[in-house]
Every structure is written in structure tokens, then in C-alpha cells.
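Asks: Quick one: the structure is below, questions incoming.
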Amino acid sequence: MRKRTNTHGRKLALFTVLAVWLESFYPGFDSTDLAPNASVLPPEKLKSLYQELSGVRPLFDRLILMVIDGLPAEFVIGKDGKPPTEILKKAMPYTQSLLAKGLAIGYHAKAAPPTVTMPRLKAMVSGAVGGFLDVATNFNTQAFLDDNLIAQFLRIGWKMVMLGDETWLKLFPGMFARHDGVSSFFILHYLGLDHVGHIGGRNSNLMGPKLMEMDEVIKRIHSSIMQTQETKQRGTLLVRAALFSSSGFWRRSDISMNAPFFCFDMVVSDHGMTEGGNHGGSSYEETDSLALFVSAQRFSDSESRKEAYQVDVASTLALLFGVPIPKNNIGTVMVDVFTSLEDEQQLRILELNSWQLLRLLQTHLNELGCGRFSCKSGRGQNDGPERSVYGDDYRSAVLAYLEFLGTTSKWLASRSTDKPIGLLVSGIAAMLLSCLGLMSLTFLFTREVNFKGSRDISHTDNNIWKWHLEENFVLAVIFILILSMGSSSMIEEEQYIWHYMTSSLYLILLRKTIQSMKNGSTLTLAAEQRKIRSHHIYYIVAVLISGRILRGWHQGGVNWSYLPDIAKLLEQAGTAHIKSLQLLSLVLVITICLAVLLPLGLRRRVSMLLVLVYLFPVLLILKQILRLQDSTFGSSSIGSTTMIQIIYAFLGTSSVGILLGTPWLIPLQNSKTLSSEVSHESPSKLPFDGFKDSLCVIGWGYMFSWCLLQMLLQQPINSVPVSLLLLQVVATIRYFSGGNLHHKQLVEVAALYYVGMTGHFGLGNTNTLATVDVAGAFIGISSHSTIISGILMFIITYASPMLALLSMLMGVSANDVRTVSNSQDVDFGHLLKTTLGYPCLVPLGLNSILLLAYTIVLLGMRNHLFIWSVFSPKFLYVCATTVCVYVGVSIVALTATYTCIVFATRSTLKGSSRDRSTER
């Protein structure tokens with residue numbers, strides 16, 4: 001009796017511990033307190049007990065998981081019911097033969113956005129949908145702690161080997177018995193399929209050879225499976241989780257294995273790619289990932305063009321290999337893979353998946369208890385009467401299960417957007433307070449400036465207190481942008497709003513300039529003033545023409561991206577034309593910067609020094625462009641990487657050197673100050689008028705360095721837009737620098753801000769992650785660095801807004817000289833406040849309004865159909881734009897503060913020296 005009691009107690013204890021492990025299957029268990037005891041079961045015992053309770057034997061005991069990064073499913077199984085093109089078929093002949101023989105079955109496994117590697121790997125091994133914040137950690141992968149297949153395999157004692165991208169090692173540290181992980185960066189030399197896409201797009205000449213290489217790997221793996229199947233020897237599991245597209249390493253010994261049942265190969269891709277080879281968004285081309293099941297036995301239903309979701313991979317693999325479905329899985333089993341099972345076992349597969357989803361459903365709906373659904377039936381015991389699985393009853397049961405699984409899966413996927421409303425409202429309240437604070441500061445500063453202007457300057461028409469058309473339009477642009485945020489289509493095509501509004505603003509300025517010339521008679525307008533205003537017309541026309549070219553350079557957005565544009569025409573014409581335009585653009589950038597520098601009235605030695613400082617990096621960039629004339633991938637060579645690093649060092653050193661040295665070299669007083677030259681005003685009487693002259697030179701250095709950096713980092717096709725953006729910025733500064741048109745500085749800063757945002761879309765950026773230039777983020781890097789790559793990606797993406805912000809140093813040097821010089825109670829503190837007021841408050845205020853408005857829109861749209869594909873990516877861009885604005889404003893503020901401190905110190909020292917001379 002005691003022996004029977006002990007045996008019964010031991011079985012009960014084992015079953016209780018196993019219940020902890022099976023929580024993902026059966027909703028009735030709640031055994032959190034017993035979790036520490038799970039380790040008492042040996043792996044083999046745990047495995048056998050699960051199989052006994054689940055009632056389904058594993059179909060396979062070995063898995064080779066081959067992940068081809070960036071492979072679109074249509075490359076292998078076609079699209080819209082049509083097979084792949086002949087070119088693609090010839091590139092992967094062995095894979096196509098497997099599909100034709102019924103030894104493989106393929107799925108269009110739709111991936112959820114964001115379509116980047118790390119969150120997609122998580123989805124395949126856990127069956128859970130991640131969030132867009134995974135984009136931020138995609139380049140800094142952390143250990144994945146949620147329930148997943150890798151942990152399940154390890155728990156039952158399987159030996160796992162990983163070869164390829166080390167993302168797997170970071171996600172699952174310590175779980176692989178052996179690994180040969182390599183950094184994704186080094187494998188740029190191996191030019192994996194995803195990298196080929198990033199550099200040359202889908203139609204790259206290297207795409208075919210890379211597909212052939214992948215096909216050869218599949219052939220070797222499947223041949224080994226067939227050989228193992230014939231020998232029917234036993235052995236342990238090999239999990240091959242490798243990014244073959246990113247790795248050139250593969251060893252025959254890695255797949256020499258013996259199986260008690262069968263070995264199984266699965267070929268998957270994490271995402272697809274656009275025509276340009278990018279990914280990250282939600283278009284069909286980006287979400288069209290592959291799930292290809294390959295076996296030594298024929299599938300009864302070998303129709304290869306099936307559709308599923310990427311999260312379905314986790315539940316399917318779990319049931320194929322006899323491990324629990326991850327508890328957070330929202331996917332459904334791919335039933336066509338299990339057609340070799342008896343009908344009763346197929347029903348059991350559907351039942352297990354249904355229990356798991358029901359368990360997850362109950363966690364979301366606390367009011368859903370066991371009263372409505374029987375939680376005691378189907379806990380794994382198979383001692384009850386047999387169920388009828390024949391005829392109409394079987395078909396009805398299958399349809400009922402599939403309907404439940406499909407409905408529940410979609411509902412759970414939609415619930416992933418639910419967040420604590422209280423915390424969201426608190427965050428919005430904090431944003432609102434910040435926005436109101438910035439608006440209040442801007443209003444108070446404007447009132448102070450207007451009051452001092454009306455007191456110090458005589459205006460017969462009290463012009464300073466009036467709000468003119470251009471000032472009202474600046475505010476109208478913001479309200480129009482806010483209204484457009486509620487429309488998914490307007491978010492997708494936001495570039496049209498910026499192009500139209502910015503062009504309209506400059507047309508209003510053009511109208512005002514022409515009217516000022518007509519209203520002033522020949523007697524009241526001096527010849528010099530008329531000449532200046534004529535130049536202003538030329539500046540506006542230059543901005544408008546450049547803007548129209550930028551508008552047609554890239555057909556951005558989502559709905560009309562297929563239409564022809566200048567960039568597509570140039571790419572069709574060949575790389576020779578693009579390289580020629582790249583050289584021409586570099587010359588144009590140098591010419592514009594020299595044209596700005598030479599008339600500033602600098603001492604000859606200072607001008608020569610500035611030219612010499614930038615001569616060497618310019619020559620290196622020119623050499624780099626010429627080196628890449630005949631080699632698309634030359635930038636990855638060691639010599640090229642070293643040269644680019646030298647260019648980085650020179651540009652950074654030049655900018656810092658100009659910042660630190662210029663305030664000490666520019667005279668405190670200058671008979672022909674730089675700011676007065678730019679603003680066409682009489683020289684300032686202040687003893688520190690060199691302060692603004694220094695800001696002008698420093699701003700020039702920032703702009704020149706930034707444009708040279710973009711010439712190096714941007715895609716060659718974007719070199720012309722970069723030069724046009726510089727032309728727009730310089731023309732805008734020259735237009736607002738004088739002419740007595742009485743433009744408020746608020747309008748100038750807002751105009752530069754709008755030019756920067758318009759140029760952001762002119763460079764080909766959109767509100768989808770697919771247009772982020774990932775390849776450029778690794779230019780000049782000799783070893784993988786998440787931080788450096790992230791910074792370079794940010795620099796490339798926000799090239800235009802940052803250029804506009806940095807240019808404000810030149811803009812402020814040409815304004816308010818007259819007001820400051822005529823003030824009697826002015827000091828350096830007042831000068832600094834006047835200088836930094838609008839350039840800091842206006843960008844921060846405008847961005848704060850847009851950030852607050854879109855956060856409210858995002859909260860209201862959290863259950864919208866396009867929340868993941870449209871609204872979430874846009875919010876990431878809004879947040880990134882906020883970072884850009886704060887970084888740019890901080891640089892402007894710190895530069896002006898440092899320069900002011902230096903001039904205050906020099907003025908004090910000069911005053912002390914003068915006093916000592918007087919005493920003598």
C-alpha cells in the first residue's frame with residue numbers, strides 16, 4: 001500500500017510540476033507558486049510526460065531552421081496565384097523542384113510591421129506581436145525573456161547549434177551548445193541577400209547569384225536529410241538558426257545527424273523588401289515573408305502558394321516537435337502541414353492551439369471565466385470515450401476550430417495596441433504643460449522685442465505691431481498640419497503638404513517684395529534699395545525653382561511612389577550620369593560656400609586659413625567619389641574605410657576648431673563688420689559687434705561641414721538635392737538680411753524650419769521605415785558599433801532639418817544689429833537673449849505643438865485599422881524630429897553662449913587694459 005501511495009504521490013507531484021509548464025495550453029492551471037519546482041524533472045521525463053498528456057506524438061525530432069534575411073516569398077512561390085518569373089525559377093532550381101515534387105510546401109507568411117530583423121525573429125519563436133519600440137532595440141538586441149520555442153527546446157534537453165547572425169546569440173544567450181556567430185557588419189563583405197537589396201534593390205545584378213547560393217545551401221541540407229532518412233539512425237537535434245543571407249559560413253558536418261523519426265527543414269525569411277531593397281514599413285513587398293516547410297516525405301496537399309501569418313510559425317513548430325505552444329502566442333497552426341496525421345490527431349492539434357489561445361484570451365478578459373467554457377475537458381487525459389471524427393461531424397468540428405482560432409487570433413492581435421490610459425493621459429498632460437510654457441515664452445519675448453523696437457525705431461505706420469499676411473500664414477501651416485494628422489492618407493502623403501505650404505509662403509514673400517517696389521516711387525526708393533530688392537526677388541525665385549526640382553526628384557509617399565521621377569530616370573540612364581551629377585553637386589556646394597565666405601570682409605589671413613582647413617577633406621571626398629566611379633561596393637574596402645574615417649576626423653576637428661578659435665580671432669570692433677555687410681546696415685557702434693561676426697563665421701563652418709558630410713553619406717542620387725537645399729537656405733538668409741521690408745525674425749526662423757522639413761521629404765524620406773537608409777549607416781566603420789551606426793543613420797535621415805537649424809547662426813548674425821546698437825541699456829545678457837530668442841523658441845514651439853497634437857491623434861487612433869502601418873511609424877518620426885530639433889537648438893544655444901562669454905571676457909580684459917593705460 002505504501003509503495004502504491006508513493007508511486008501515486010510521485011506521479012501526482014510530477015503532474016503538478018508539469019502543469020506549471022503547460023500553462024500555455026490549458027486555462028485551468030494557476031500554479032505560480034510551484035514554478036521553482038519545475039527544475040526537478042529531468043528533460044527526458046518532462047518530454048515524455050508532455051507527449052503522454054498532449055495526446056500527439058511529435059512528427060519530427062530534428063529541426064534545421066534556415067533564415068534567409070530579406071527574402072520575399074514571391075521570389076520562391078510567386079504572387080497572386082502566378083508562379084515566380086523564369087529568372088527567379090532559374091536562380092533557385094532545386095527549391096522549385098522540391099515544390100513541384102510535393103516535398104516542400106510554401107506560405108506567404110505575412111509579417112507585422114515594423115519589418116526589421118529582431119522583432120520578426122521574436123515573432124517567429126514566440127508567436128507574439130511586438131511593438132514599434134522594437135525598432136529602437138533592433139541595433140542593440142537584448143536577451144528575450146518571454147516564453148519561446150528556443151527555451152522550450154532547451155528545456156526538453158535538445159542540443160542546439162547556431163551559425164550566422166549573432167542576433168540569435170543576443171536574444172538567447174547561453175542556450176546554444178555550439179555557435180559560430182558572426183557580426184552582421186563583417187559579413188557586409190559576403191554581401192548577403194538583404195545587403196544586396198539595400199545596395200542595389202530587388203533587381204540588382206547580384207540578386208541572382210545570391211539566390212543560387214541560397215538554393216545550393218537548401219540542396220545540401222535536403223540531401224543530408226534524405227540520406228539520414230534512408231539510414232534511419234538515431235541522434236540528437238540540430239537547430240540551425242542562421243542568417244544565411246548574411247553569412248558565408250556553412251559546414252557539411254553541421255548537418256550530419258541521425259534521427260529516431262525524421263529530420264525537418266524549414267526555410268523562413270524575416271521580412272521582404274521594396275523595389276529599392278529597403279524594409280521596415282507595412283507595404284505588401286515588405287511584409288511578404290516566406291515560410292517553406294521541407295521534408296523527406298511528400299505533403300498530401302502540396303499547393304505551394306498558401307497564405308498565413310508569420311506568428312503562425314511558432315505554434316506550428318511547437319506542435320510538430322512536441323513542445324508546448326509559447327503562452328503569449330497569438331498565431332494559429334498551419335493545418336496543411338499536418339495532413340499526414342489521422343483525423344483525430346488533426347482535431348487534437350486544433351484543440352491544443354484553441355486551449356492556448358483561450359488561456360491568453362482569458363488574461364485579456366477577466367470577466368471570461370470557466371462558467372462559459374469548460375476548462376476541465378481536454379486537459380490531456382485520453383482515457384475518455386472516443387470521439388466521432390468521421391463525415392460531417394469531423395468537417396463541422398474543423399470549421400468550428402478554424403473559425404475560433406482565426407477570430408481569436410485577430411482579436412488578440414488588435415489588443416496589442418491597448419495601453420494604460422492613465423499613463424498616456426498623464427504623458428499628454430506633461431506635453432501640454434511644456435507646449436503652453438514654450439508658447440508663453442514666445443509670446444512674452446515677441447512683446448518685449450516689439451516694445452523695444454517701437455521705442456527705439458521710428459515707424460510712421462507702427463509696422464512692428466501689425467500681423468502681416470506672411471506671419472498669419474506661418475501659423476496657418478501648423479493648423480493645416482494638425483488637421484491632416486487625422487487622415488491616414490494625408491500622413492502617407494505628407495510631403496505634398498510641406499511642398500505646397502513652403503512654396504506658398506515664399507510666393508507671399510515674393511508678392512510683398514514686388515509690392516514694396518511698386519509702392520515706392522523713384523524719389524523715395526534709392527537706387528541702392530531698388531537694387532537690393534531686385535536681388536531679393538532673385539533669392540525667392542531661386543528658392544522656388546530649387547523647391548520644384550526637389551519636389552520632382554523623388555516621388556515619395558506610399559500611394560504614388562511607382563510614378564516616374566527624376567531619380568528613377570537617372571538610375572535608368574546609368575551610374576555614369578549619377579556620378580557626374582555627384583561631382584557637379586560637390587562643386588556647387590563648394591561654390592556656394594565660397595560665395596558666402598568671400599564677401600564677409602574677413603582678414604585675408606583668416607579667409608585663407610578657413611579655405612585651407614577645408615581643402616584637405618574636400619580633396620579626400622573628391623577622391624572617394626572618383627574611386628567609386630567603377631565600383632559599387634568599393635566603400636567597403638579597408639583603404640576606403642580608413643579614408644572615410646580621416647574625413648570624419650577632419651570635418652569634426654574643423655568644426656570644433658572654428659567654434660573655439662573664431663571668437664578669439666574676430667576683432668571686437670570692425671569698421672566693416674560681417675553682420676553689417678550681410679544686413680546692408682551701417683556699422684554697429686557696440687564695442688562687441690564682433691560677436692555676431694563670429695556667429696556668422698561659425699555658422700558658415702557648420703553648414704559647410706554638414707554639407708560635405710552629406711556628400712559622403714547620402715546615396716549618390718541625393719547629392720543634387722543636398723546642394724539645392726544649401727542654395728535654398730543661403731538664399732533665404734540673404735533675403736531676410738535687409739532691404740527694410742520689416743519682416744519679423746519669427747518669419748525668417750519659421751521659413752528656415754519649413755525649408756528644412758520640406759527638404760526632408762525632398763531627399764526621399766517618407767513616414768514609413770522603408771525609406772531609412774540603413775546601408776549608409778555603416779559607411780566608414782571598421783568594427784560594429786550600434787551607437788555610431790545609429791548616429792550616422794540619424795545624420796542621413798535628418799540631413800535637411802539639421803542644416804536649417806545650424807544655418808540659424810548665420811541668420812541671427814544678420815538681424816537685430818540695428819536694434820541692439822541703438823539700445824542704451826544693452827549688455828551681453830540682453831544681446832544673448834535677443835540672439836537666441838526666436839532661433840530657439842520658434843523651432844521648439846512649432847515642434848511641441850505638432851508633437852502634442854499627434855500624440856493625441858495617436859491615442860484616439862489606437863484601435864484604427866492602420867495603427868501599426870501608418871500612425872505608429874509616423875509617431876516614431878515625430879519623436880525623432882523632436883530629437884533633431886532639440887539637438888540643433890542646443891548646438892545653436894551653446895555656440896552663441898560660448899561666443900558671448902568669450903567676447904564678454906575679451907571686452908572686460910580690454911577695458912581693464914584701457915583703464916591701466918589711463919592711470920599711467
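Numbering starts at 1 and runs along the chain as it is shown here.
Any Cβ shown, glycine's included, is placed from N, Cα and C.
From TrEMBL, for reference:
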{"type": "SIGNAL", "residues": "1-31", "note": "signal peptide"}
{"type": "TRANSMEM", "residues": "421-445", "note": "transmembrane segment"}
{"type": "DOMAIN", "residues": "473-897", "note": "domain 'GPI ethanolamine phosphate transferase 2 C-terminal'"}
{"type": "TRANSMEM", "residues": "473-491", "note": "transmembrane segment"}
{"type": "TRANSMEM", "residues": "497-514", "note": "transmembrane segment"}
{"type": "TRANSMEM", "residues": "535-554", "note": "transmembrane segment"}
{"type": "TRANSMEM", "residues": "583-602", "note": "transmembrane segment"}
{"type": "TRANSMEM", "residues": "609-626", "note": "transmembrane segment"}
{"type": "TRANSMEM", "residues": "646-666", "note": "transmembrane segment"}
{"type": "TRANSMEM", "residues": "791-812", "note": "transmembrane segment"}
{"type": "TRANSMEM", "residues": "836-859", "note": "transmembrane segment"}
{"type": "TRANSMEM", "residues": "875-904", "note": "transmembrane segment"}
Asks: Is it the case that the transmembrane segment (791-812) and the transmembrane segment (875-904) have 3 or more CB pairs under 8 Å, with pairs at least 6 apart in sequence?
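Replies: Between the transmembrane segment (791-812) and the transmembrane segment (875-904), contact is present.
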Asks: Short question: which residues 6 or more past the ends of the transmembrane segment (646-666) have a Cβ under 8 Å from it?
Replies: 606, 610, 613-614, 616-617, 620-621, 624, 674, 690-691, 693-694, 697-698, 701-702, 705, 708-709, 712, 780, 895, 898-899, 902-903, 906
Asks: Do the transmembrane segment (836-859) and the transmembrane segment (875-904) come together with 3 or more C-beta pairs under 8 Å, pairs six or more apart in sequence?
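Replies: Touching, yes - the transmembrane segment (836-859) and the transmembrane segment (875-904) meet the threshold of 3 or more Cβ pairs under 8 Å.
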Asks: Same-chain Cβ contacts of the transmembrane segment (609-626) under 8 Å, 6 or more residues past its ends?
Replies: 579, 582-583, 586, 590, 594, 597, 602, 635, 640, 643-644, 646-647, 650-651, 654, 657-658, 697, 701, 704-705, 708, 711-712, 716
Asks: With a Cβ cut-off under 8 Å, give me the same-chain residues at least six positions beyond the ends of the transmembrane segment (535-554) that come close to it.
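Replies: Residues 499, 502-503, 506-507, 509-510, 513-514, 565-567, 720-721, 724-725, 727-728, 731-732, 734-735, 739, 741, 755, 758-759, 761-764 contact the transmembrane segment (535-554) from elsewhere in the chain.
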Asks: Over the domain 'GPI ethanolamine phosphate transferase 2 C-terminal' (473-897), what does the predicted model average in pLDDT?
Replies: 84
Asks: Checking distant contacts: for the transmembrane segment (497-514), what same-chain residues at least six beyond its ends satisfy Cβ-Cβ under 8 A?
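Replies: Apart from its flanks, the transmembrane segment (497-514) reaches 468-470, 473-474, 477, 480-481, 484, 490, 533, 536-537, 540-541, 543-544, 547-548, 550-551, 735, 739, 741, 743, 751, 754-755, 757-758, 760-762.
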